[in-house]
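Participant: I have a structure here, written as structure tokens, and I will follow up with some questions on it.
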Amino acid sequence: MKSTIFFALFLVCAFTISYLPSATAQFVLDTDDDPLQNGGTYYMLPVMRGKGGGIEVDSTGKEICPLTVVQSPNELDKGIGLVFTSPLHALFIAERYPLSIKFGSFAVITLCAGMPTEWAIVEREGLQAVKLAARDTVDGWFNIERVSREYNDYKLVFCPQQAEDNKCEDIGIQIDDDGIRRLVLSKNKPLVVQFQKFRSSTA
């Protein structure tokens, strides 16, 4: 029993140490050139204009509640604010920090009250899609990686816990038969984004 506890503690420490901030750690910057706050809320907006707007949720397939993470078809729509949180005890988020992502508050029908808001990867029918789900999820975490040193352009990646060589996959867009722009794992076709501070419309 003691050996099992010791091994578990060893894994936690090893994971934490591997992500400790270093002198070369690069903070993820928003559109104001400010570093993203750990636990802060931001809009995630596409760099390429004319191909959709911010990130929101929708119902796909036989879903009654909006459980599929999608890109708004309206390029003027900023979508829903996203909360980015790292388990590391850091004030700001740096590139490649392990992250959980969830939606801030948004209105749903009464039937869907209490539905999950945290992002997860769900694999069904050969497609690994970003969903709001508590079951049938792939264990792992999200990262933010920079794609341009000249601009504050980034991509999201997902790193499966069981992946060989810590291989992570890009988050991209797949347009389904209904024209819905779904966020999915995509090989070498990332959705390139920028992060804008969330400001409530009632503020």
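Each residue's number is its place along the chain shown, starting with 1.
Every residue, even glycine, has its Cβ placed from backbone N, Cα and C.
Quick caveat, the model's predicted, so the values are computed rather than measured.
According to Swiss-Prot, the signal peptide annotation covers 1-25, on the basis of sequence analysis. Per Swiss-Prot, the feature disulfide bond maps to Cys65-Cys112, Cys159-Cys168; the stated evidence is similarity to another entry.
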Participant: What whole-number Å value do you get for the CA-CA distance of Cys112 (disulfide bond) and Cys159 (disulfide bond)?
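Facilitator: Roughly 29 Å, rounded to the nearest whole number.
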Participant: Inside 10 Å of the Cβ of Cys65 (disulfide bond), count up the other Cβ atoms and send me the figure.
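Facilitator: Here the count is 16.
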Participant: What count of other C-beta atoms do you get within 10 angstroms of the C-beta of Cys168 (disulfide bond), across all chains shown?
Facilitator: 19
Participant: Using C-alpha atoms only, work out the spacing between Cys159 (disulfide bond) and Cys65 (disulfide bond) and round it to an integer in Å.
Facilitator: 27
Participant: Translate the DSSP assignment of Cys112 (disulfide bond) into the three-state scheme.
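Facilitator: Helix, per DSSP.
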